[in-house]
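Accompanying notes for the structure given below.
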Amino acid sequence: MAALAPPVAAVRTAVRQALRGVGGPVLVACSGGADSLALAAATAFVAPRAGLSAGLVTVDHGLQSGSAERAAAVASWAESAGLSPVEVATVVVSREGSPEAAAREARYQALIAAATRLGASAVLLGHTRDDQAETVLLALARGSGPRGMAGMPRRRDVEGVALLRPLLDVSRDETRKACAALSLNPWDDPHNTDPAYARARVRSSALPALVEALGAGVVDNLARTARLLAADAAALDAIAAAALERARRPEDALDVTELQRLPDAVRTRVLHAWARERGAPPAALSHRHVAALDALVMAWRGQGPVHLPGGLPVARRGTLLS
Ligand SMILES: Nc1ncnc2c1ncn2[C@@H]1O[C@H](COP(=O)(O)OP(=O)(O)OP(=O)(O)O)[C@@H](O)[C@H]1O
């Protein structure tokens, strides 16, 4: 028997680890790119041996010519690889805002809807260590703070479906090599190299420049930074959730004197969580809004209400915010 190529083994091991603790059928989200194709091939091998059934969903965003053919080719390969059920989900991408964000939003909605409809307990995504490093670098450059630099989580539960990222410790180079070793032909998404996209510029210029200047360890170190910050952020979020409960007063108000006792990092998290609870859309809720709320608490000089996104005013009355 031919020896198993190390990149194929690395991807399978990562999938095996991620599937531990998954109780029901899984779906691979596959674009046909090298990362998710290697993920799908590994899942087709590993899942049945772990007693799980595995299917695949490929999303056709309808944004590029030939996208329907690409989706059909991915689906037909998946069937031949033994994945079942296999679905092509066609989505309509909103023309408002950034096309990247709109496509992502439509994609995740379609993936979660497919998982719910097909009774899958988890959706597997092909983000790699390189994607994680890019995410950290982008977040650092945008000043997103520790939550952003914590990168993409290995697991996130949405509407009862676990979104899993088994390949966060696997490099893009390994997924490409795994595809080559298995004679799979990945599709190259032109968006990945289109300089119109910030992530593509990070991938093609910023990260290679950092590697050149600081050495190959940079990618791994950025991904490790994400892991460390994710653990810190989770701990701070838990502390903030408890502090929010202590600060709550009737009629959805917060007690300013409780908030003033908190360290900055906890207080701003409490205010952020509270603003989201009141209906401020997370994507529009910025550092600036939280800073203005914080000024009502810490720099009170009788200023007027803060207007949160979604048209929600928050005012201070005495020692209450509401
Ligand atoms: N059209 C799609 N259909 C299904 N899943 C998708 C699609 N596009 C992306 N995904 C999922 O989201 C993950 C991240 O995609 P993204 O486009 O951000 O990165 P990528 O590096 O281009 O990934 P890949 O090489 O797998 O296409 C993919 O690995 C895949 O699991």
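The backbone N, Cα and C atoms fix where each Cβ goes, glycine too.
Database features, via TrEMBL:
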DOMAIN    26-204  domain 'tRNA(Ile)-lysidine/2-thiocytidine synthase N-terminal'
BINDING   SER31, GLY32, GLY33, ALA34, ASP35, SER36  ATP binding site
DOMAIN    254-317  domain 'tRNA(Ile)-lysidine synthase substrate-binding'
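Annotated features taken from TrEMBL, shown on the structure.
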residue : record           : Cβ contacts under 8 Å, 6 or more apart
SER31   : ATP binding site : THR58, VAL59, VAL74, GLY126, TRP187, ASP189
GLY32   : ATP binding site : THR58, ARG70, ALA71, ALA73, VAL74, PRO186, TRP187
GLY33   : ATP binding site : GLY126, PRO186, TRP187, ASP188, ASP189, ASN192
ALA34   : ATP binding site : ARG172, THR175, ARG176, CYS179, PRO186
ASP35   : ATP binding site : GLY126, HIS127, THR128, ASP131, LEU167, ARG172, THR175
SER36   : ATP binding site : VAL28, ALA29, CYS30, LEU125, GLY126
Composition by DSSP (helix, strand, coil) of residues within the domain 'tRNA(Ile)-lysidine synthase substrate-binding' (254-317): 31 helix, 10 strand, 23 coil
Cβ under 6 Å from ligand 1: qualifying binding-site residues of SER31, GLY32, GLY33, ALA34, ASP35: SER31, GLY33, ALA34, ASP35
PLDDT averaged over the residues of the domain 'tRNA(Ile)-lysidine synthase substrate-binding' (254-317): 95
